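> Right, I'll just put the structure down here and ask away after.
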Amino acid sequence: MGCIKSKEDKGPAIKYRNTPEPVSVSHYGAEPTQATPWPSSSGWGTAFNFSSLSMTGFGGSSGVTPFGGASSSFSVVPSPYPAGLTGGVTIFVALYDYEARTTEDLSFKGGERFQIINNTEGDWWEARSIATGKNGYIPSNYVAPADSIAAEEWYFGKMGRKDAERLLLNPGNQRGIFLVRESETTKGAYSLSIRDWDEIRGDNVKHYKIRKLDNGGYYITTRAQFDTLQKLVKHSTEHADGLCHKLTTVCPTVKPQTQGLAKDAWEIPRESLRLEVKLGQGCFGEVWMGTWNGTTKVAIKTLKLGTMMPEAFLQEAQIMKKLRHDKLVPLYAVVSEEPIYIVTEFMSKGSLLDFLKEGDGKYLKLPQLVDMAAQIADGMAYIERMNYIHRDLRAANILVGENLVCKIADFGLARLIEDNEYTARQGAKFPIKWTAPEAALYGRFTIKSDVWSFGILQTELTTKGRVPYPGMVNREVLEQVERGYRMPCPQGCPESLHELMNLCWKKDPDERPTFEYIQSFLEDYFTAAEPQYQPGENL
């Protein structure tokens, strides 16, 4: 967790599932039960959760500031499962192997079948293994109803076009590898996504709409209709029949992160955590790689005494844990007595800032950097929909995983910091260079001030981690920005991308784009804005 040091004081961030559209409730209202969203997914788990996704910390060389913030409203997703799944009458099948983490969990193998005894707990269901007869808790995102489409290995549920392309284009995948997902545009329809190759585009992904007939059948072209989706897929593995290539193998996936560490593992005892490898430190604490309960690798943020009030932290953490999106680092558990510990998903690649400056990010070209920006915009568009605010969006607070997957960290806590050097907003610990002028000068933090910060983050990406406003101290940045100064286009950066940055830096917050627009712009960047892009020396 770290801080920004100004010059004045000499001191130096595989499967996919989106969260369904929420139902709004009061930001500080009673905490509702929230189940893992389904059946908008395959039951394969939450999205793009590579098991080795990285976690960095607060500071170290990257100067990470600790956290984000909140606005006045928040939304949650109600349980999509009917109450009728109680009584042990519904059969579910395991999609992955799972090793028990506590004495109340069940270990199981993929393909094992269960009777669901009680699903009212949301993320962890009480179940009975049909094979062993044992009862225990299982993670609900590791199972799907037996004999359903969701139980098929090729079904990836509610996944966007861009995320399907990211998965299929991963290194090592071959032509003909495929997946099936929900259609983004047509309710009740599906999309078949196939990796292809041609001389003009090289490796690419083709998408085909699978439509449903009134009588329940499925088709891509009307001349070939099938009773079930399974029969359509099987036929397409044997005959291209108008597709770019016949289907070869299912796109590989890695089992997802569970929602939380275990049943009722939210406020946990300090003794259940073992701190093993220190990953970084900053003004407000440290971050460690560690183990929970002797079984589960996690990241642990330890806060210095007095950083924030435990009661305020716990209240905010209850809200933060409800924010679930594949581009946000999930909050697993807390130690709520000082010194406060925050337990999150462990991510191995480090912060985006360190990755760009010292890791493999140094060698990335513009397409990869724009895709990373699009992923961050995807996560921020979710925060935007949920009426939340980050407050500290920058490369130091973005975490990088395998295959360049990005997740947003440290959202929801910046407004809780008690340190005078931070709360003054112009103190040495405050990230002035990333903060919109109305927020830095008057404390007006909104999602539009996050948009400003995203524009600054784009300069970090295109300059491989250079500090914004090079050669300028914090006070000078504030004065110059108020007078209308904006950073020039980084060397090698296309002007069309710099134009997006300038939109993010509009003086009037209402004139700045939404994250939904930014995500769309970046995802289609090389087809709409820069179709003639050619790699340069740096970008």
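From the backbone N, Cα and C atoms, a Cβ is placed for every residue, glycine too.
According to Swiss-Prot, the protein carries these features:
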- Asp392: active site, proton acceptor (ACT_SITE)
- 87-148: domain 'SH3' (DOMAIN)
- 154-251: domain 'SH2' (DOMAIN)
- 273-526: domain 'Protein kinase' (DOMAIN)
- Cys3: S-palmitoyl cysteine (LIPID)
- Thr19: phosphothreonine (MOD_RES)
- Tyr28: phosphotyrosine (MOD_RES)
- Tyr332: phosphotyrosine (MOD_RES)
- Tyr341: phosphotyrosine (MOD_RES)
- Tyr422: phosphotyrosine (MOD_RES)
- Tyr533: phosphotyrosine (MOD_RES)
> With every protein chain in view, how many other Cβ atoms are within 10 Å of the Cβ of Tyr341 (phosphotyrosine)?
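Summing over all protein chains shown, Tyr341 (phosphotyrosine) has 21 other Cβ atoms within 10 Å.
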> Between Tyr533 (phosphotyrosine) and Tyr332 (phosphotyrosine), how many Å separate their Cα atoms?
41
> In the domain 'SH2' (154-251), how many residues does DSSP put in helix, strand and coil?
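Output for the domain 'SH2' (154-251) reads 18 helix, 31 strand, 49 coil.
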> Can you tell me the CA-to-CA distance separating Tyr332 (phosphotyrosine) and Tyr341 (phosphotyrosine), as a whole number of Å?
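About 11 Å separate the Cα atoms of these two residues.
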> Out of Tyr332, Tyr533, which of the modified residues is least crowded by other Cβ atoms within 10 Å?
Tyr533
> For the domain 'SH3' (87-148), DSSP counts of helix, strand and coil?
3 helix, 28 strand, 31 coil
> Write down the Cα-Cα distance for Asp392 (active site, proton acceptor) and Tyr341 (phosphotyrosine), rounded and given in Å.
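Cα of Tyr341 (phosphotyrosine) to Cα of Asp392 (active site, proton acceptor) measures 20 Å after rounding.
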> Just to confirm my parser: what is the rounded mean pLDDT across the domain 'SH3' (87-148)?
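Computed over the domain 'SH3' (87-148), the mean pLDDT is 90 on the 0 to 100 scale.
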